[in-house]
4 protein chains.
Amino acid sequence: MRVGLLTGGGDVPGLNAAIRAVVKRGEGEHGHSIVGFRNGWRGVVDGDVQPLTRGHIRNVLSVGGTLLGTARYHPHSSDGGLDAVMATLEAERIEALICIGGDGTLHAASKVAEAGVKIVAIPKTIDNDVWGTDRSIGFDSAVSIATEAVDRIHTTAESHNRVMIVEVMGRTAGWIAVTAGIAGGAELVLAPEDPFDIEKVVRFLKHRHRAHASFSIVVVAEGAVPAEGTAMHYETQVGKFGEIVAGAIGERLKAEIEARTGFDTRVTVLGHTQRGGVPTPTDRILGSRFGVAAIDAITRGESNVMTALRGEEVVLVPLSEVAGKVKHVPASLLDVARALA
Amino acid sequence: MRVGLLTGGGDVPGLNAAIRAVVKRGEGEHGHSIVGFRNGWRGVVDGDVQPLTRGHIRNVLSVGGTLLGTARYHPHSSDGGLDAVMATLEAERIEALICIGGDGTLHAASKVAEAGVKIVAIPKTIDNDVWGTDRSIGFDSAVSIATEAVDRIHTTAESHNRVMIVEVMGRTAGWIAVTAGIAGGAELVLAPEDPFDIEKVVRFLKHRHRAHASFSIVVVAEGAVPAEGTAMHYETQVGKFGEIVAGAIGERLKAEIEARTGFDTRVTVLGHTQRGGVPTPTDRILGSRFGVAAIDAITRGESNVMTALRGEEVVLVPLSEVAGKVKHVPASLLDVARALA
Amino acid sequence: MRVGLLTGGGDVPGLNAAIRAVVKRGEGEHGHSIVGFRNGWRGVVDGDVQPLTRGHIRNVLSVGGTLLGTARYHPHSSDGGLDAVMATLEAERIEALICIGGDGTLHAASKVAEAGVKIVAIPKTIDNDVWGTDRSIGFDSAVSIATEAVDRIHTTAESHNRVMIVEVMGRTAGWIAVTAGIAGGAELVLAPEDPFDIEKVVRFLKHRHRAHASFSIVVVAEGAVPAEGTAMHYETQVGKFGEIVAGAIGERLKAEIEARTGFDTRVTVLGHTQRGGVPTPTDRILGSRFGVAAIDAITRGESNVMTALRGEEVVLVPLSEVAGKVKHVPASLLDVARALA
Amino acid sequence: MRVGLLTGGGDVPGLNAAIRAVVKRGEGEHGHSIVGFRNGWRGVVDGDVQPLTRGHIRNVLSVGGTLLGTARYHPHSSDGGLDAVMATLEAERIEALICIGGDGTLHAASKVAEAGVKIVAIPKTIDNDVWGTDRSIGFDSAVSIATEAVDRIHTTAESHNRVMIVEVMGRTAGWIAVTAGIAGGAELVLAPEDPFDIEKVVRFLKHRHRAHASFSIVVVAEGAVPAEGTAMHYETQVGKFGEIVAGAIGERLKAEIEARTGFDTRVTVLGHTQRGGVPTPTDRILGSRFGVAAIDAITRGESNVMTALRGEEVVLVPLSEVAGKVKHVPASLLDVARALA
C-alpha cells in the first residue's frame with residue numbers, strides 16, 4: 001500500500017516519534033510505502049511530497065517539532081481545497097492517509113473522510129483537549145516545561161513579598177494550568193472550567209499575605225475567564241489566526257490584583273517555550289504507540305478512526321465521535337488543585 | 001479523626017507529594033490530625049511517631065525521597081510484630097492508617113487490615129508492578145531517568161563499533177525496560193515477560209552490524225531471563241534482602257555476546273540513580289491525587305482499599321484483590337518495543 | 001569571631017551554596033559564630049538576625065534562592081541607615097561582615113566599609129557584570145535556563161515561517177544574550193555593547209528568509225539599544241525600582257520588524273524564570289569556593305576585598321576597585337556571536 | 001585554503017559545536033574549504049573524507065557526540081601510519097589540519113606536526129586534564145551529569161542507613177570527582193591527587209554515622225589510589241585499550257568499607273552516561289569559541305598551537321608545551337572539597 005502521512009496545526013514534542021513509528025512498522029513489517037506531505041494539509045493541496053523511508057527517521061525520536069513541517073491550513077475552508085486534496089491523493093496513488101493533529105486538523109480530516117478518503121487520525125496537542133483519548137501527544141512535555149517554570153519562580157518568589165502570575169497555554173481548556181499548578185504547588189489555579197471571582201481571588205491573597213506568607217504563585221490558563229455577574233469584566237482576546245492572545249489575561253489580572261491589593265505583582269508568560277524542546281519519555285512512547293496503532297489499523301482496512309489512549313491500552317474511536325468536541329478538565333482534578341492551594 | 005501515615009519499602013520520587021496532599025486535605029479541609037510513623041512499619045512497631053502539620057510539608061513537593069523515612073520491614077514476618085503494631089495504634093489513638101508502599105508494604109497492610117485496622121493504601125514503586133492501577137508513584141520518574149541515560153549512551157555509542165547494554169530495575173516485571181527502551185530508541189529490549197533466546201539476540205546483532213550499523217543499544221531488565229530450552233542457562237541472582245543483584249544479568253549478557261560475536265560490549269548499570277531526584281510532574285500529580293483520594297476515603301469511612309489510577313480517574317480497589325499479584329507489561333506494549341527495534 | 005552574613009539584591013541560584021560554605025568552614029574549621037541577617041541590608045538596619053549553624057544549612061546546596069531572604073535596599077540611601085547598621089553590628093558584636101550581592105549591594109558594602117566595618121564581599125548576579133571577576137554566582141544558571149528556552153523555541157520555530165524574538169535579562173550588559181545566543185544557535189544577537197541598526201537587522205532577516213530559511217531566532221538583551229543616527233529611536237525603559245522594564249525592547253523590536261518586513265514575529269520574554277530553580281554545578285562550586293575564600297580571608301584579618309574568580313583560581317580584589325564599574329562583554333565574544341549567526 | 005578537520009579519542013558533548021564553528025567561520029567568512037576526516041586519525045590514514053559545508057552542520061549544536069565519528073587510533077604507533085597520513089593530506093591537498101582531541105590525539109598531532117604538517121589543536125576531554133587550558137570541551141557536561149547522579153542518590157540515600165559510593169571517570173586526574181563531589185555535597189571525595197588512607201576513611205564514616213547521620217555519599221575517581229604505607233593495597237586496573245577498568249576501585253572500596261564497618265554499602269558506576277547527551281551551554285560556547293579561534297589561527301598562518309581558555313579569553317599555546325603533560329586538580333580546590341565534607 002501507499003500510505004500518506006501529514007502533521008497539521010501547531011507543532012509539539014513527540015510528533016517525530018509518531019512519524020518514525022509509522023515508517024518503521026509500515027515499511028519494515030507491513031511492506032507499505034510511506035509518503036510524507038510537507039506542512040500539513042498545505043502540502044496535500046500543493047502536492048508537496050517527500051518519501052519517508054528508514055533513512056529519513058534516524059535520530060529523530062528525541063527531537064522536538066516535526067520533520068515534515070506543519071501549517072495551520074484547512075483545505076475545506078478555501079475554494080477548491082478539497083478538490084486539490086483529492087487530485088493530489090490520486091496522482092500520488094495514496095490509498096490511505098494518516099493525519100496527526102489537533103482539533104483543526106481532525107476536523108479537516110473528517111471533511112476529507114466524508115469525501116471518500118480512508119483516514120486514520122492521531123491526536124496531538126499540548127492543550128490535551130481532544131475528545132475521546134486520555135492523552136494527546138505533546139501534553140506531557142508541555143506540562144513538564146510549565147511545571148519547571150513554576151518551580152523556578154517558586155525559589156525566586158520566596159525572597160520577595162510578591163504575587164507571581166504564570167500564564168500558560170491551553171485554549172479553552174485548563175489542562176496545562178491545572179496539572180502544572182498542582183505539580184508546581186501553585187497557591188491558586190485559574191482555569192476556564194471554573195470561572196473565577198476576582199473578589200474571592202483578592203480575598204484569598206490578602207488573607208494569605210496577612211497570615212504568614214510573603215508570596216503567592218497564581219497559575220492562569222490563557223483561556224481563564226471571570227464568572228458572570230462578578231466584579232471583573234473581561235472577554236478572552238483572540239488573534240488573527242483564532243488563537244488566544246498571549247499575555248492578555250495575565251496582564252489584566254496583574255492590573256486587577258495590584259489595584260485591589262497594592263501587592264507588587266509580576267507576570268510571566270510562558271509562550272512558545274511550552275511547545276518546544278526534547279519530548280518527554282511519555283510523549284515519545286505515546287507517539288510511538290499511536291504510530292504503530294495507526295498503520296496497523298490501515299493495514300487491517302479500518303478507516304475514519306482516531307487512535308486513543310484509554311488507561312493502559314491504545315484503542316480506536318470513530319473520527320465522527322471526536323471532531324468538534326472539547327475535552328475539559330474533570331471536576332475531580334479541579335478539586336485536587338483547589339484542595340492543595 | 002487521628003489518622004496515621006507511613007511510607008514503606010524503597011523510596012521513590014513523588015512520596016512527599018502524597019504526604020503533603022494527605023496533610024493539606026486532611027488537616028485543612030477535614031480537620032483531622034495526621035500522625036506520621038518514621039521508617040515504615042518499623043516506626044509503627046517502635047512507636048516512632050512525628051506530628052504532620054502544614055508546617056512540616058512546606059517545600060517538599062519537588063523533593064525526592066520521603067520525609068518520613070522508610071524501611072524494608074514487615075511486622076507480620078517477626079514474632080510479636082503485629083501485636084506491637086496494634087499496641088502502638090491504640091496508644092496513639094489512631095483510627096485509620098494510610099500506607100504508601102509497593103508489593104511488600106501492601107502485603108503487610110492486608111495482614112494488619114485482617115487484624116482489624118482500617119487501612120487505605122497508596123501504591124508506589126518504580127517497578128510499576130502493583131496490580132489494579134495503571135500507574136504507581138515513582139514509575140514515571142524512573143522511566144524519565146532511564147530514558148535520559150539511554151539518550152546519553154546513544155550519542156556516545158554512535159561513534160564506536162560497540163554493543164552497549166543498559167541494565168535497568170523492575171524486579172520480575174519489564175516496565176522500566178520496555179518503556180525506556182521504546183522512548184530511548186533501543187535496538188533491543190529484554191524483559192522478563194518475554195524470555196529471550198541468546199542465539200536470536202546474537203543473530204540480530206550480527207545482522208545489524210554487518211548490514212549498516214556501527215552500534216547497538218540493548219536495554220535489559222534486571223529480571224530478564226533466557227527462555228527455557230535455549231542455549232543460555234541463567235537464573236536471576238537474588239541478594240540478602242530478596243532484591244535482584246544489580247549488574248548480574250548485564251555482565252552475564254556482555255560475556256555471552258562478546259564470546260559469540262567478538263563485538264566490543266559495554267555494560268552500564270543504572271542502579272540507585274533510578275529512584276532518586278526531583279519527581280516528574282506526573283509523579284507529583286499522581287502522588288497528590290492519591291493522597292487526596294486516600295484521606296477522602298478514610299473520611300467517608302471506607303477501608304481496606306487501595307487508591308488506583310484508571311484512565312483519567314482515581315478510583316478505589318479492594319486491597320484483597322491487589323495483594324500478592326504482579327502486574328506485567330501487556331503484549332501490546334511488548335509488541336511496540338519489538339516493532340521499533 | 002562573630003561574623004555577619006547577608007544576601008542582597010535579586011536572588012539567584014547558588015546563594016545557598018555560598019552561605020553553606022561560610023557556615024561549614026567558619027563554624028566547623030575556624031570556630032567562628034556565623035550570624036545571618038534577614039533580607040539583606042534591611043535586616044542589618046532592623047536588627048533582624050538569625051543564627052546560622054550546621055543545622056540550618058542541611059539540604060540547601062541544590063536549592064535556588066537564598067535561605068536568608070533578600071531585598072533591594074541600600075542603607076546609605078536613607079536617613080540614619082548607616083547609623084542603624086553600625087548600631088546593629090555593635091549590638092550583635094559582629095567583628096566582620098560578609099556581603100553577597102551584585103552592583104547595588106557591593107556599592108552599599110563599600111559605603112559601610114568606609115564607616116569602619118570590616119567587609120568581605122562575594123559577587124552574585126545573573127547579569128555577570130560585576131567588575132574584577134570572571135564569573136559571578138548565578139550567571140551560569142541563568143545562561144543554562146536561557147539556552148534551554150532558545151533550544152525549545154528552535155524546534156517550534158522550524159515549522160513556521162516566523163521571526164522569534166527571545167528577550168533575556170542582563171541590565172546594561174549583554175552577557176546572557178551573547179552566551180545564550182551562541183549556545184542556542186540564534187541567528188542574531190542584540191547586546192548593549194554593540195548598538196544595532198534596525199535597517200541592517202531587517203536586511204539580514206529579509207536576505208535569510210528569501211534565501212532558504214523559514215525562520216529566524218533573535219536573542220535580544222533587555223538593555224539592547226539602537227545605534228545613534230540609525231533609523232530607530234528608542235530609549236531603555238526603566239521601572240520604579242530602577243530595573244529595566246521586561247518586554248519593552250522585545251515588543252518594540254517586534255513592531256519594527258513586522259512593519260518593515262511583514263514577517264509574522266513573536267516575542268518570548270523569559271523574565272523571572274531566569275533567576276530561579278536548581279543551581280547548575282558550576283554555580284554551586286563557585287558559591288562554595290567564594291564562601292570558603294571569604295571566611296578564610298576574614299580569619300586572616302583581611303577586609304574590604306571581594307572574592308573573584310580568575311581563571312582556575314579564586315583571588316581577592318580590593319572592593320574599591322570594583323564598586324561602580326560594569327564589566328561588559330569583550331569584543332572577542334561578540335565576534336563569535338556574529339560569526340556563528 | 002583547504003583545511004582538514006578530525007575528532008579523535010573518546011567522544012564528548014560539545015564536539016559538534018566546534019565542528020560547526022570551524023565550518024561557519026572558515027567557509028562563511030574566510031572562504032576556505034573544510035574537509036572532514038571520519039573516525040579520527042583512522043580516516044586520515046584511510047583517506048576516508050567527507051566535505052563539510054554549511055548544509056552538514058545544521059541542527060548539530062545541541063547534539064552530543066561527533067558527526068565525524070571518532071576512534072582511538074594513533075598513526076605514529078603503527079608501521080607506515082605517518083606515511084599514510086602524509087599521502088592522504090597531499091592527495092586531498094590539505095594545507096592545514098585542525099585536530100580536536102585529548103591527550104592521545106594531541107600527542108599524535110605533535111608527531112604529525114614534526115613531520116611538517118601545519119596543525120592547530122583543540123582540547124576536548126571530559127577528564128579536563130589537558131595542560132595549558134582552564135577547560136577542555138566536554139568537562140562541563142560530564143560534571144553536570146555526575147552532579148545530577150549525586151543529587152539523585154542523595155534523596156534515596158537519606159532514607160536508608162547506607163554508604164553510597166559513586167564512581168566517576170577522570171583517568172589519573174580527579175577533576176570530575178572533586179567538582180561533582182563539591183556540587184553534589186558528597187561527604188567524602190577520593191581523588192588521585194590526594195591518595196587516601198582507608199583507615200581514616202573508615203574512621204570518618206564511623207564517626208559520622210555514630211554522631212547523627214544515617215547515610216554518607218562517597219564520590220571516588222576511577223583513578224583514586226590508597227596512599228603508600230597505608231592499610232589498603234590496590235593498584236589501578238587498566239583494560240586492553242589502556243583505559244581504567246570501570247567499577248574496579250568502587251567495588252574494592254565497597255568491600256573494604258563493609259568489612260571494616262559492617263555498614264550496608266552500595267556502588268553506582270556512572271560509566272558511559274558521563275560522556276553522552278546534550279552538551280551544556282558552557283560546552284557549546286567553549287566549542288564554538290575554540291572552533292572560531294582555530295580557523296582564525298590557521299588563516300593567519302599560525303601552526304603547531306592549541307586553543308586554550310585562560311580566564312575570559314581564548315589564547316593559543318604551543319603544542320609542544322602541552323603534549324605529554326597532565327593537568328591535575330589544584331590544592332585550593334581539593335581543600336574546598338575537604339572543607340565542605
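Heads up, the Cβ atoms here are built off N, Cα and C, so glycines get one too.
TrEMBL: automatically predicted annotations, no manual curation.
Annotated ATP-binding residues in TrEMBL are D:Arg72, D:Tyr73, D:Gly102, D:Asp103, D:Gly104, D:Thr105, and among D:Gly4, D:Gly10, D:Gly170, D:Gly174 the one listed with them is D:Gly10. Binding of substrate is annotated in TrEMBL for D:Thr125, D:Ile126, D:Asp127, D:Arg162, D:Met169, D:Gly170, D:Arg171, D:Glu222, D:His272, D:Thr273, D:Gln274, D:Arg275; the matching candidate from D:Arg135, D:Arg266 at the same site is D:Arg266. When the Cα atoms are compared, D:Tyr73 (ATP binding site) and D:Thr125 (substrate binding site) turn out to be 16 Å apart.
Proximity to D:Arg171 (substrate binding site), judged by a C-alpha distance within 10 Å, picks out D:Asp127 from the recorded positions D:Arg72, D:Gly102, D:Asp103, D:Asp127. Counted within 10 Å of its Cβ, the other Cβ atoms near D:Arg275 (substrate binding site) come to 25, all protein chains included.
Relative to D:Asp127 (active site, proton acceptor), the binding-site residues with Cα atoms inside 10 Å are D:Gly102, D:Met169, the candidates having been D:Arg72, D:Gly102, D:Thr105, D:Met169, D:Arg266, D:Thr273. Look at D:Thr273 (substrate binding site): DSSP puts it in a helix.
It is D:Arg171 that, of the binding-site residues D:Arg72, D:Arg171, has its Cβ surrounded by the most other Cβ atoms within 10 Å. Summarising the environment of D:Gly10 (ATP binding site), the number of other Cβ atoms within 10 Å of its Cβ, over all protein chains shown, is 24. Comparing C-alpha positions, D:Thr273 (substrate binding site) sits nearest to D:Gly10 among the binding-site residues D:Gly10, D:Gly102, D:Asp103, D:Gly104, D:Thr105.
Checked against D:Arg275 (substrate binding site) by C-alpha proximity, the binding-site residues D:Gly10, D:Arg72, D:Gly102, D:Gly104 yield D:Gly10 as the nearest. Checked against D:Gly10 (ATP binding site) by C-alpha proximity, the binding-site residues D:Thr125, D:Met169, D:Arg266 yield D:Thr125 as the nearest. Listed binding-site residues (D:Gly102, D:Asp103, D:Thr105, D:Arg266, D:Thr273, D:Arg275) with a CB under 8 Å from any chain B CB: D:Arg266, D:Thr273, D:Arg275.
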